[in-house]
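These features come from TrEMBL:
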type	residues	note
DOMAIN	60-139	domain 'GHMP kinase N-terminal'
BINDING	Arg80, Pro81, Ser82, Ser83, Gly84, Leu85, Gly86, Ser87, Ser88, Gly89, Ala90	ATP binding site
DOMAIN	198-268	domain 'GHMP kinase C-terminal'
Amino acid sequence: MITVRAPATSANLGSGFDVFGAALDRPADVVRVEKAHRTTIDVTGYGAEFIPEDPDRNTVGAVAEALDAPAHIRIDKGIRPSSGLGSSGASAAAAALALNELYDRGLSRRDLVPIAGKGEATVSGDVHLDNVAPALLGGFTVATDRDVTVVDADIPLVACLPEIAVSTRDARDVVPAGATMEQLIYTVGRAATLTTGMCRDDPRLVGKGMHDRLVTPARADLIAGYDGVREAALSAGATGVTVSGAGPGVLAACYPEDRQDIAAAMVDGFEDAGVDARAYQTEIGRGATLYPDE
Ligand SMILES: Nc1ncnc2c1ncn2[C@@H]1O[C@H](COP(=O)(O)OP(=O)(O)O)[C@@H](O)[C@H]1O
Ligand SMILES: N[C@@H](CCOP(=O)(O)O)C(=O)O
């Protein structure tokens with residue numbers, strides 16, 4: 001049996017829609033695989049009741065098919081589905097790494113990114129690699145149509161998850177179809193600022209670069225209490241706040257000494273809007289971990 005732990009990820013980081021992603025130190029999914037004649041899936045853990053075990057509808061099914069690697073796949077969810085924390089992508093990334101090892105396919109982690117992306121596409125409607133790339137490779141990732149660049153950044157983060165669900169497929173429908181030149185210039189400036197901050201391990205620049213006037217405002221409307229939570233996090237010291245992935249998770253960048261206060265302020269902010277929430281005090285972390293022959 002092969003076991004893989006794949007981390008939660010936060011995609012977009014405001015200014016990098018469908019391109020930027022970051023591996024979070026926690027939470028994570030754990031996937032175990034054993035060879036079988038046909039693929040079967042068992043799901044347990046956080047939000048398991050909302051996740052199909054049919055291989056055609058679970059992100060790991062498409063991965064097993066792409067690798068021609070039928071298996072009994074057990075998924076222990078540490079990442080709630082429809083969270084904006086890359087829950088569906090984490091399972092797909094973990095399955096890709098585990099099945100590659102189980103069947104000795106010899107593919108690199110980079111080779112596995114588009115294969116895990118096929119799993120993501122089954123639930124979100126189209127391929128976006130900004131969750132599976134950091135889940136496999138770790139760090140801050142820039143995923144383009146050509147390749148993936150990785151920066152092993154050291155940035156403290158808070159990911160706050162409210163008890164509401166937003167499906168990535170639905171949240172992609174509210175993304176504006178086009179942008180003005182002014183919006184384009186603004187976004188490029190912020191994205192470059194964020195990337196510079198990641199390369200310098202500078203939470204101030206990362207936070208500044210998380211601001212976005214295009215995709216995030218449309219999605220914020222789907223998250224009850226978002227504006228209050230954002231203000232509360234900034235008042236508690238966050239250097240930047242944005243929607244995590246497609247939401248409803250909210251991501252804050254910060255200095256380490258402010259992380260605890262920001263986490264409490266974000267949970268209180270959701271509570272003020274009548275929404276229960278939990279906050280993960282985390283940081284940019286490593287990619288999926290393989291535990292062979294357990
Ligand atoms: N292995 C899986 N883990 C999580 N969600 C899955 C999985 N397989 C299929 N899904 C479905 O994908 C959807 C959640 O994915 P998505 O909307 O992209 O949110 P998230 O941000 O949590 O990845 C839910 O409808 C869920 O049932
Ligand atoms: N770029 C995608 C990322 C979706 O992330 P998720 O964690 O919500 O699945 C998008 O913004 O649609």
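Including glycine, each Cβ sits where the backbone N, Cα and C put it.
Long-range C-beta contacts of Ala90 (ATP binding site), restricted to its own chain and to partners at least six residues apart, with a cutoff below 8 Å, comprise Ala6, Pro7, Ala8, Thr9, Ala28, Asp29, Ile79, Asn131, Ala135. Over the domain 'GHMP kinase C-terminal' (198-268), the average per-residue pLDDT in this prediction is 97.
Only Ser88, of the binding-site residues Arg80, Ser88, Ala90, place a Cβ under 6 Å from an atom of ligand 1. Filtering Arg80, Ser82, Gly84, Gly86, Ala90 by Cβ distance to ligand 2 (under 6 A) retains the following binding-site residues: Gly84, Gly86. Look at the Cβ of each of the binding-site residues Gly84, Gly86 and count the other Cβ atoms within 10 Å; the largest number goes with Gly86. Using DSSP to sort the residues of the domain 'GHMP kinase N-terminal' (60-139) gives these counts of helix, strand and coil: 45 helix, 7 strand, 28 coil. When the binding-site residues Arg80, Ser82, Ser88 are scored by other C-beta atoms within 10 Å, Ser88 scores highest.
Taking the centroid of the Cβ atoms of Arg80, Pro81, Ser82, Ser83, Gly84, Leu85, Gly86, Ser87, Ser88, Gly89, Ala90 as the ATP site, the other same-chain residues with Cβ within 8 Å of it are Ala8, Ile79, Asn131, Gly245.
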